[in-house]
Amino acid sequence: MKLTEILDALHFYRETKEIENVTIKGLEIDSRNVEQGDLFICIEGFTVDGHLYARQAEEQGAAAVIAEKPVDVSIPVILVNDTTKAVALLANKFYDYPTEKLNVIGVTGTNGKTSVTYLLEAIFKEQRKKTGLIGTIQMKMEDDCFDVKNTTPDSLFLQRSFQQMVNRKIDTVFMEVSSHALDLGRVYGCDFDIAVFTNLSQDHLDYHASMGDYLHAKSLLFSQLGNRYDEKKPKFAVVNKDDPHSKMLIKSTSQPVITYGIEQQADIRAIDVKLDANGSSFLLKTFNEEVHITSKLMGNFSVYNMLAAASAAICAGIPLHTIKRALESTTGVSGRFEPVNLGQPFGVIVDYAHTPDSLENVLETIRSFVKRKVYVVVGCGGDRDKSKRPLMADAAVKYADLAIFTSDNPRTEEPQAILNDMVAGLQGNNFQVIENRKQAIDEAIRLAEEDDIVLIAGKGHETYQLINGEVHDFDDRIVAANAIKFNWNKEN
Ligand SMILES: CC(=O)N[C@H]1[C@@H](OP(=O)(O)OP(=O)(O)OC[C@H]2O[C@@H](n3ccc(=O)[nH]c3=O)[C@H](O)[C@@H]2O)O[C@H](CO)[C@@H](O)[C@@H]1O[C@H](C)C(=O)N[C@@H](C)C(=O)N[C@H](CCC(=O)O)C(=O)O
């Protein structure tokens, strides 16, 4: 593609050299991956300044550079005000606006994003649609899975992936949209068809200055909904009416809003909700139809997740009987309320809950059906929102008979310092501190007796621990299974 052609995507730029005859083979934001003929875009990151790598990009064959400030290279440099925004616009143009050729459902909110995208995938697959999925666990193109570094990847990776999905004739993509991604413009220029809001509670205050800023970031998904008007692709905002923050999100969009909820008079409701140890059941009532759902998914939070997915699917025109079939056959998502069951007489559940609100939801659900004691193993991440630490500890001791506080990705922080922050204000004696996560899980499983439940919270599907800046293999499910084998075999 001619450089001048791709630069049409930018509103304003200034070139340092004649660029008429320059052609571009690809786009790259990492100098280490630059190939002959690439356009290298310098991004000032949180760790390093990409402008420092312009020379390396030139040496590797870059044809031109996009930068915010002068860089010392002999190839043409295109100066722009904001390279992060520029890369989103350029990638959209380079890959020929792939989101306009796909149906894209973006899901945002503190909790439930992953589960809602997987429920949507189940519903659309039931309708025999070709699906794509982008989120915390992985990226999927139909049944092919790919590793991802971020919940919502950078705009270049994203647009490239969307184009691959177009080439594979994928019909609908379900995408978790994090507040970081919205704030950093990773989804700038994406043509979302449906934006879903699940809920908002305290998280990520290491990144966002306040809850107001966090909510504002979420609202960007709704304000950019329908920026590209296409009468064949109507847009919808789908929001949880029971969450008070939805009012602000409704105000942010000019598109039709569909509300869902259990408590409030919403457009789509779950009525007569029943929860027990086998799952949940409710009457799903839409504008003009109703259907009874019996699901294996447990807890009130799962009913909200099902409502969110059902509401988005209804907006996309999926029939209610298909939604029912899909919801009733879904057994769950990796690392989300996932049982580790080797036939032992007590329950072990691994869950991703890593916010005070989600921990309370999961523990409340367990409390509602447990016959005896509840043990919880939980920690808090290092280099992240410190104000969350005492709240996580409070939630744990409020519901558990014994909370064992332990490490959860301490990153560059001292694990014991994180644990001290967690327990500093705790009263009572229903907690222990065991810094080593394996020992903490072993101890909870050693203590468990018939009909007790052990909840191992925080890491869910993750298969590593970040300690001292290094990645160590660690999977709560494997550690728990080994502990069950060891303790249970001893007794039998
Ligand atoms: C704080 C943050 O968002 N950081 C993201 C950012 O990294 P960074 O700013 O540190 O990048 P950097 O290392 O400074 O590099 C700057 C530029 O120089 C370039 N570079 C660098 C080195 C080199 O030799 N050559 C070179 O060209 C890099 O390619 C980059 O373009 O850009 C990277 C590439 O896109 C992201 O992977 C990285 O996410 C990190 C891993 C992260 O942890 N982000 C979290 C906060 C995040 O975004 N989380 C949300 C989910 C939240 C949730 O709901 O739980 C998410 O969407 O993942």
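Here the Cβ of each residue, glycine as well, is placed from N, Cα and C on the backbone.
Feature motif 'Meso-diaminopimelate recognition motif', per TrEMBL, maps to range 408-411 of the set 252-255, 408-411. Per TrEMBL, the meso-2,6-diaminopimelate site holds ASP408, ASN409, PRO410, ARG411, GLY458, GLU462; the candidate it also names there, chosen from ARG384, ARG446, is ARG384.
Residue counts for the motif 'Meso-diaminopimelate recognition motif' (408-411) under DSSP, split into helix (H, G, I), strand (E, B) and coil, are 0 helix, 1 strand, 3 coil. All protein chains considered, the CB of PRO410 (meso-2,6-diaminopimelate binding site) has 24 other CB atoms within 10 Å.
Under 8 Å from some Cβ of the motif 'Meso-diaminopimelate recognition motif' (408-411) lie the Cβ atoms of residues 354, 378-384, 418, 437, 458-459, 465-469, all in the same chain and six or more residues away from its ends. Most Cβ neighbours within 10 Å among the binding-site residues ASP408, GLU462: this distinction goes to ASP408. Every protein chain considered, the tally of other Cβ atoms within 10 Å of the Cβ of LYS218 (N6-carboxylysine) stands at 26. Applying DSSP to the domain 'Mur ligase C-terminal' (335-460) sorts its residues as follows: 46 helix, 26 strand, 54 coil.
The predicted model assigns the domain 'Mur ligase N-terminal catalytic' (23-88) a mean pLDDT of 97.
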